[in-house]
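Here is what TrEMBL says about this protein:
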BINDING   Thr24, Gly25, Gly26, Asn135, Arg177, Ser205, Gln297  UDP-N-acetyl-alpha-D-glucosamine binding site
DOMAIN    17-153  domain 'Glycosyltransferase family 28 N-terminal'
DOMAIN    198-338  domain 'Glycosyl transferase family 28 C-terminal'
Amino acid sequence: MSVPERSSEASDLRMRVVIAGGGTGGHVIPALCVAEALRERGAEVVFFGSESGLERALVPEAGFELHALPLAGLAGGPVRRARALVLFARAVVRCRSLLGRLRPGAVLGVGGYASAPAVAAARSLGISTFIHEQNSVPGKVNRAAGRLVREVLVAFPDAARRFGRSVRAVHVGMPTRRQLFQATREEALRRLGLEPPVVLVFGGSGGALNINLAAAEAFGESTPYSVVQIAGRRDFPRLSTRNPRHRILEYAGNIWDYLAAADVVVIRGGAGSLFDVAAVGRAAIVVPYPHHRDDQQLLNARYFVERGAAELLPDREVDAKTLRARVEELLGDDEGRRALASSMRSLATPRAAEEVAGRMLAAGREGTG
Ligand SMILES: CC(=O)N[C@H]1[C@@H](OP(=O)(O)OP(=O)(O)OC[C@H]2O[C@@H](n3ccc(=O)[nH]c3=O)[C@H](O)[C@@H]2O)O[C@H](CO)[C@@H](O)[C@@H]1O
């Protein structure tokens, strides 16, 4: 028994793997979770990202090599689009030459600008290629790229169906940071110096202006509970509070402590935020970002809401009065909160990063695209 196991470990030790994509926290954080799982199994992980994404800071900080390429989004007028297309074409050429040199056993696209050119280049070289789709509704690029890859690995079960029959989609869940599963309320409260009950408000990796303004007003005078508002870089400088029990932060590297300390969480419907709350198991009010054409955050949220794991609050209904009322209603309902928290916890996917890593390594060992 030990012989085949040892031989597979030995080949993982030598294997190099490329993870491509990034942009926002929603793409970079799960990518890093997969990278950690791969590194633990002895593989060498190299990232391809864009020069403008969050990966620029987070990937080297986690100790991985990053090739940052100049890339841009397709949104905007014809000049911008043309420039984005030129950058895309150049990125495919650059990825092909990097992949030719690195000779990875497998490539994973996680979404974001660098994902598609790397996947296209890897396919053209016959390298085993995967995509991880974080959202319940696959984006246009992943839908098209899905047909090219060996497997599309999805965070939400619904996404598999939405890819259609021509794509091999496998539900693996959302790669989530380990600390989220380990955090406990008492320790978190003590570490953060917070007096319970605690309300946590955060709007994804970049913040959410509508929620930020409503929360600053709703909790800005005085509250019989603690409020932590993680505002994001863009909105942080414009927010203030007179309430000594209301903390406004720019970003939290240790979000697991804040989630573990919380009784009620108000979040956007980003896939990362939702699965992070699920990992800790807390009662959440979800306010989906309303301006995505495909309503991806509403559909992400619905998966949890339909399973009794979260409450929905449409963005158009968010103002200081409604936000405070909804938070206090939930704070006053111990049983309702417990039920939401426990259903939320049951939807967490603690094995997702391992699953993605295992599939990539197995494909790399097989050596076929
Ligand atoms: C507006 C927008 O385009 N949003 C998309 C983006 O969201 P965005 O990048 O905001 O993503 P997510 O909610 O998916 O993830 C944010 C991640 O950042 C973490 N975090 C956030 C704040 C903080 O202080 N500390 C911290 O660690 C969260 O815990 C979470 O893990 O990517 C997601 C995944 O494709 C999509 O579902 C969202 O629709």
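The count begins at 1 with the first shown residue.
Each residue, glycine too, has its Cβ placed from N, Cα and C.
Note that the coordinates shown come from a computational prediction; the quantities given were computed from them, not determined experimentally.
Shown on the structure are the features that TrEMBL records.
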residue : record                                        : contacts (Cβ under 8 Å, 6+ apart)
Thr24   : UDP-N-acetyl-alpha-D-glucosamine binding site : Gly53, Leu54, Gly112, Gly204, Ser205, Gly206, Gly270
Gly25   : UDP-N-acetyl-alpha-D-glucosamine binding site : Leu54, Gly204, Ser205, Gly206, Gly270, Gly272
Gly26   : UDP-N-acetyl-alpha-D-glucosamine binding site : Gly111, Gln134, Gly204, Ser205, Gly270, Ala271, Gly272, Ser273
Asn135  : UDP-N-acetyl-alpha-D-glucosamine binding site : Ala155, Phe156, Ala159, Ala271, Gln296, Leu299, Asn300
Arg177  : UDP-N-acetyl-alpha-D-glucosamine binding site : Ile29, Cys33, Trp256, Asp276, Ala279
Gln297  : UDP-N-acetyl-alpha-D-glucosamine binding site : Arg268, Gly269, Gly270, Pro288, Tyr289
In which DSSP state, out of helix, strand and coil, do we find Gly26 (UDP-N-acetyl-alpha-D-glucosamine binding site)? helix
DSSP-wise, what's the residue breakdown of the domain 'Glycosyl transferase family 28 C-terminal' (198-338) into helix, strand and coil? 60 helix, 24 strand, 57 coil
In the domain 'Glycosyltransferase family 28 N-terminal' (17-153), how many residues does DSSP assign to helix, to strand and to coil? 65 helix, 29 strand, 43 coil
In Å, how large is the greatest distance between any two Cα atoms among Thr24, Gly25, Gly26, Asn135, Arg177, Ser205, Gln297, the listed binders of UDP-N-acetyl-alpha-D-glucosamine? 21
On average, what pLDDT score does this prediction assign to the domain 'Glycosyltransferase family 28 N-terminal' (17-153)? 95
